[in-house]
């Protein structure tokens, strides 16, 4: 088995072909299909005289089984003559050794020769292993990706779950394309709710519970004090109405909400005691969040938050807005009338009447600070589509302030999750969601007593498969679409689900375990022994993986990779009854192990990119 793309290029030369031309878009060392793109561009240019730089980008890919490996719409080359006739003429003149070329209307369809494709693709995968599909196109570029971003003392709701899954994938994807990525969790850790929380903790707080599970306990405290505040407000309104009915003056008492606002104002003014209480709640919550994210194979380079923008920086941003004549005053509040620049954007408030800031002000300061720190080429905010208007306003403000990096900011939005609840009630915390998924998966596994008895660590396997189920259900459709959270469907081994993906990987692992060959022996396999059409179909799919990642990167879509992985697993499943390994002669075994091993590697790479832990046994 050849072991490098250089050797493949040399083998093309020995067939009487010229060395492959160099294209800016081509990356033959990381993407084997680019070898064919380069070869086709070179050969077609000899036939029709069109410059190769025009032919190469006109070659279109498709992962549909019924489509050609590459298609070329003849009109894109702008050659005089009827496109149908040109397509037919060029197809007849094209060399027949490595590529089968047919004319289909105005299209040229290129199908790669199965044996040559197999000799190209499989050695590359075995050589590059976990690096197969990765490239260096983003080398030297920096991306800051802000995702998850829950609010302290509030539930980790479905929107945060989607942001976590999509954001972690985008971070992994950017790294796979050579980018330097900074993962940021921008916490909702500032605001009046902390005043309410501090008041509530004095009444309902428990130190042991706070240390054991700070996020859950602070949420419980917040719910209770909020209920107190609501009850108090209702009483104040009732007392006021009663006094007014009797013609008596009424002076409302200082409410819990009033006290909360005062507490937050002290925080903004730098009061040490108030900040000490807040900092303790924040630090304990972050410690717990880190444990939760670790369980999902997610890490952050920075835990940022609204609190981390200094008052000095926010004042600087407001002063800058004033100097640009963008600030207007309305009843003591400061706002920007963006409708003057875009009617759809309306007005955006940057400072309340009492002088306290809003998250818009803090987001402006945060973005400014972030660029000064990272000098990013791209800053991604992974936030639901409900915030589309907000980010349009924010980015417009960046533009009006003259920030050169304004166009480098991107809002990656997503739809809603509907009906996310457990069979025992509402699952409002990420830990709850994962625990229920684990329990549900464990129940499914226990239904097959024979297989369950063979699993060495069923609790750990159930946990991994449960987390896979959550991620895959969220990632199957386009991110902008809403989807219904379905526990039964999600935890099924039937259909295109997370559990099925894990099963497919573990089954591929078992193929290798059933025979005793070294990697070196498999890499020396005679690939000419792979002659079955279904084997060539699988090789074609394996060769498409680098392009799949490029498309996922282009559209920032998790579903692009997930859809591909299911196509891959279906193609592999079809081969189990055709390409037996056990009981076959040695050379046949090695060739088939080379194919199944490459399939496992690509499946593993894709699953890892999605943030999953591929299982060897289950």
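Each residue's number is its place along the chain shown, starting with 1.
The backbone N, Cα and C atoms fix where each Cβ goes, and this holds for glycine too.
Between the candidates 160, 341, Swiss-Prot assigns the L-arginine site shared with 146, 147, 148, 149, 150, 151, 359, 363, 387 to 160. Record note: among 481-495, 496-510, 511-525, 526-540, 496-510 is the stretch given as region 'Interaction with tRNA' by Swiss-Prot. The feature region 'Interaction with tRNA', as given by Swiss-Prot for the ranges 98-103, 104-109, 110-115, 116-121, sits at 104-109. Secondary structure at residue 148 (L-arginine binding site), taken from DSSP and collapsed to helix, strand or coil, is coil.
Of all the binding-site residues given, namely 146, 363, the one with the smallest number of surrounding CB atoms inside 10 A is 363. Here the Cβ of residue 160 (L-arginine binding site) has 21 other Cβ atoms within 10 Å, regardless of which shown protein chain they belong to.
If you take every residue in the region 'Interaction with tRNA' (104-109) and average the pLDDT, you get 95. Within 10 Å of the Cβ of residue 148 (L-arginine binding site) there are 28 other Cβ atoms, across all protein chains. DSSP assignment over the region 'Interaction with tRNA' (496-510) gives 13 helix, 0 strand, 2 coil.
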